[in-house]
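Trainee: So TrEMBL lists the following for this protein:
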type: BINDING; residues: B:Arg67, B:Glu129; note: substrate binding site
type: BINDING; residues: B:Glu129, B:Asp156; note: Mg(2+) binding site
type: DOMAIN; residues: B:6-224; note: domain 'HpcH/HpaI aldolase/citrate lyase'
Amino acid sequence: MKIQKPAKAGTMESNDIYIMVQPNDEGGVILNLESIVMTQFGNQIKTVIMETLKELGVEDAVVTAKDRGALDYTIRARIETAVKRGM
Amino acid sequence: MERLRRTMLFMPGNNPSMLQNAGILGADSVILDLEDAVSLTEKDSARILVRNAIKSVNFYNSEVVVRINPLGTEFGYEDLDVIGRVKPDAIMVPKATEADIKSVSEKLDKIEEEEGFEKGSIKLFALIESAYGLENVYSILQSSDRIIGMLLGAEDLTADLGIKRTREGEEIFYARSRVATACKACKVAAIDTPFADMEDMEGFIKDITRAKSLGMTGKAAINPRQIDTIHGVYAPTEAEIRYAQRVMEAQEEAKREGKGVFSLDGKMVDAPIIARAQTTLNTARLAGLI
């Protein structure tokens, strides 16, 4: 699945995550993550984001994520929404 | 499984915080809402979030119902297709007509077959919120075996009727009676319209009591703070439970003595009184009161 245009999903509210995806013409995934629980869960959040992108078949994208304590199901949902909006 | 549906709590479908806490609030059912609680620009987002929530959030003992968008909008069928595949307990169909219920039911037949779910396992609630829906409530109920309840939506109904919605609710007397009677005839739940004013506790209790007295079996809630109050009004009182127990005891005794008709406290007890006592005890049992 190719990201054609910038798209966003989610909010900055508690328990949510704000995601923006953009095309990456240079190839690969660049992830910029900010989280209120970076120290405790940063790696796990990155893993969930990368896994979800892979499941959706996204190979090239710049992803900006601002996490407000979202659980995995929310992270997956917001990534999927942003990717579908960016197609 | 037989269960109580005294409260059905609406939860906005695009709010992760509320979705993941929905199951711990004590409502008999939660309605994850994709319709009015979600703005037009977020319909896609809420659909995916609710789908994921059903797959991974624990809703404990609450029944999980999803209100989809009306089938006449561009979102209705897609909601049904995405949500049906994660098998909620039920789908709530807004502005329901006979044709809508049949169409949703057929679509669910197909989804259940494709996903390997038991046929007919996803149930339906019909939302009665138009003059047409109200006048055809019985035939809507008859449109699918999947229907387990109806919700009266008084705001939309009164708007459709062109009448004013008041705090006292005189204007929905007929609607409540009609929905309650049709639901009773088909043995499904009759859920009353929500009460919007969170500050008016006295008006709220009166509103629940009035609907209950007409035969409504539960009420929609729009705030978790409303749950305990609704359960309180729908719970049988201690005196009602004790009386029902005495009726059943007296019936047992009459049976042993070979009497067909018997009396309790000087009053004749017949079949309707026994049936009412059984309902009281059943409700009390399901509510954990006995």
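From the backbone N, Cα and C atoms, a Cβ is placed for every residue, glycine too.
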Trainee: DSSP secondary structure for B:Asp156 (Mg(2+) binding site), reduced to helix/strand/coil, please.
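Mentor: Assignment for B:Asp156 (Mg(2+) binding site) reads helix.
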Trainee: Tell me, if you would, which residue among B:Glu129, B:Asp156 (binding-site residues) has the fewest other CB atoms within 10 Å in the structure shown?
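Mentor: Comparing Cβ neighbours within 10 Å for the binding-site residues B:Glu129, B:Asp156, B:Asp156 has the fewest.
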Trainee: What does DSSP say about B:Arg67 (substrate binding site): helix, strand or coil?
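Mentor: The three-state answer is strand.
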Trainee: Cα of B:Arg67 (substrate binding site) to Cα of B:Asp156 (Mg(2+) binding site): how many Å, rounded?
Mentor: 15
Trainee: What is the pLDDT of the domain 'HpcH/HpaI aldolase/citrate lyase' (B:6-224) when averaged and given as a whole number?
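Mentor: Looking only at the domain 'HpcH/HpaI aldolase/citrate lyase' (B:6-224), pLDDT averages out to 97.
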